[in-house]
Amino acid sequence: MAAMAVGGAGGSRVSSGRDLNCVPEIADTLGAVAKQGFDFLCMPVFHPRFKREFIQEPAKNRPGPQTRSDLLLSGRDWNTLIVGKLSPWIHPDSKVEKIRRNSEAAMLQELNFGAYLGLPAFLLPLNQEDNTNLARVLTNHIHTGHHSSMFWMRVPLVAPEDLRDDVIANAPTTHTEEYSGEEKTWMWWHNFRTLCDYSKRIAVALEIGADLPSNHVIDRWLGEPIKAAILPTSIFLTNKKGFPVLSKVQQRLIFRLLKLEVQFIITGTNHHSEKEFCSYLQYLEYLSQNRPPPNAYELFAKGYEDYLQSPLQPLMDNLESQTYEVFEKDPIKYSQYQQAIYKCLLDRVPEEEKETNVQVLMVLGAGRGPLVNASLRAAKQAERRIRLYAVEKNPNAVVTLENWQFEEWGSQVTVVSSDMREWVAPEKADIIVSELLGSFADNELSPECLDGAQHFLKDDGVSIPGEYTSFLAPISSSKLYNEVRACREKDRDPEAQFEMPYVVRLHNFHQLSAPKPCFTFSHPNRDPMIDNNRYCTLEFPVEVNTVLHGFAGYFETVLYRDITLSIRPETHSPGMFSWFPIFFPIKQPITVHEGQNICVRFWRCSNSKKVWYEWAVTAPVCSSIHNPTGRSYTIGL
């Protein structure tokens, strides 16, 4: 009946639903809503004014059907086109025991009937501070039966009483909530999902009002699992031609919600009576088509959003051909390397020596040859002579290098099949070039590799890169917390998955504070006693009530002089997609209040066979130390 079902947001088309409080003829209404262009219908499963009695006789045993028959629609239509709504008279957190008990029974009846119909989602309101019993009833329902419905918690962006303009100055307030208006509704949601133990089946349907809260409050909401945005018709303005439009600030919020692929629900009556109701939906389609286009990084990362991957271990494992292929497609990385090598050659070889001075250049970890090609292009560009060694430990990639040499490079390049730490070089290098960096800079053991190879670098020799620094930032993300929790393995400690980092394209998250530098490594390392173990303490100020789920890791590197690469958001190399950020989770979410500092301790540890990280939060409260002795995660030397 409709082009797209509930949960089918994707592509360039807006997925949308119509919210109605009363639906006398369900099949006719569904047909009319589909004709207007909507994909699904939000409606009460029971008549909203039919207050059932579950406790007292004789009303308890009133005869007749409780609601309409499921035969009015096909199973497929119930499964894909209807979102259920709880009857408005149900108050499971009422202080009046009779109302509470009756509401519990009615709520379970409606949820069970929704499960019987196979509804894809069910809307439940969060409109007060105390929702503890609502959480209990819903959690009990989720843990019984084999249904798979999602539960969308309808949360206003700003609490309704905070929008009243008739509040008398100095009048006593009836509530004792400790949070300001724009903080309040997020706290309702945060407490509710905590009571429900972060269930993956409970998500947010965010109701947008005419007034928006401050930007940091919106940023925080965008780190939550928002599945739907509810837009009342009353918030739409009217343009010169009489069509509904949204204000500029609301448009910006819609653009951000579109990035999260939320579904939109239009609620309320037509406030633009000269126009068809579908004009609200047409305006959303217009916004979708006119939003800023995705950049190269977003296009490359499509489909990888919030998808956890284990960091590569190229020192311990031999990479596959497809992995090399992905990295080689990066348009920025190798042009920056070429520029760095070009500048280095010009600095080391004056114009008058360009015919006689042959620079020895070693590519350490040559892979399938992209850095070799970048080096040859740089030498040609600089009009300088080089003799090149391509050192690679992966015997499979060496096959590719030898083919390159036979077909293209010739005697200018010597291919060496060896671990760089064990290779006995026939001569010393003027320049060593490597691409051994991971998402957290040193997490693919670049320091150990380059330290082991620097004995064949001349005393005045140059390493490209010359320096790299890791960065950490605290983040909040229900999505990532649940993804990590789902990574539990049968024969391991039940919390081992929280003691390892993950490479991930961060998407549905909120960064709580700007990244700060963690560990820095420089090459060549001339210290008489080289020690790559590290320890740092980082403090992050937090300006909003929030919850901490872990830390995002980034890096910056100086290839040579002013030539850099970065995945830190503030300095990200435009168009570069070789690295996604890294994520260090924590076992238990930590509530953080506005004005508090987050303090994290980070260690880089090693022994003769492996390297690992340990981490712990020490403020605002202490967590346990994660990954002691590398018990859950190590990087093999």
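In case you wondered, yes, glycine gets a Cβ from its N, Cα and C as well.
The N-acetylalanine annotation in Swiss-Prot covers Ala2 and is backed by similarity to another entry. Per Swiss-Prot, the feature region 'TIM barrel' maps to 13-292; the stated evidence is similarity to another entry. The domain 'SAM-dependent MTase PRMT-type' annotation in Swiss-Prot covers 308-615 and is backed by sequence analysis. Taken from Swiss-Prot, the feature S-adenosyl-L-methionine binding site covers Tyr324, Lys333, Tyr334, Glu392, Asp419, Met420, and the record attributes it to similarity to another entry. Under the heading site 'Critical for specifying symmetric addition of methyl groups', Swiss-Prot lists Phe327. Residues or ranges marked as active site, proton donor/acceptor in Swiss-Prot: Glu435, Glu444. Feature annotation from Swiss-Prot assigns region 'Beta barrel' to 465-637; the stated evidence is similarity to another entry. For 488-494, the entry in Swiss-Prot reads region 'Dimerization'.
Features as recorded by Swiss-Prot, highlighted on the structure.
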| residue | record | DSSP (3 states) |
| --- | --- | --- |
| Tyr324 | S-adenosyl-L-methionine binding site | helix |
| Lys333 | S-adenosyl-L-methionine binding site | helix |
| Glu392 | S-adenosyl-L-methionine binding site | strand |
| Asp419 | S-adenosyl-L-methionine binding site | coil |
| Glu435 | active site, proton donor/acceptor | coil |
| Glu444 | active site, proton donor/acceptor | helix |
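Nearest Cα neighbour of Glu444 (active site, proton donor/acceptor) among the listed recorded positions (Lys333, Tyr334, Glu435): Glu435. Largest Cα-to-Cα span within the S-adenosyl-L-methionine-binding set Tyr324, Lys333, Tyr334, Glu392, Asp419, Met420: 24 Å. Between the CA atoms of Asp419 (S-adenosyl-L-methionine binding site) and Glu435 (active site, proton donor/acceptor) there is a gap of 15 Å. Within 10 Å of the C-beta atom of Tyr334 (S-adenosyl-L-methionine binding site) sit 19 other C-beta atoms, taking all shown protein chains into account. Under 8 Å, Cβ to Cβ, and six or more positions away along its own chain, Lys333 (S-adenosyl-L-methionine binding site) finds Phe327, Glu435, Leu565, Ser573, Met576, Ser578. Around Glu392 (S-adenosyl-L-methionine binding site), the C-beta neighbours below 8 angstroms that are at least 6 residues distant in the chain are Gly365, Ala366, Gly367, Val398, Leu401, Val415, Val416, Ser417, Ser418.
Here the recorded positions are Asp419, Glu435, and the one ringed by the most other CB atoms within 10 angstroms is Glu435.
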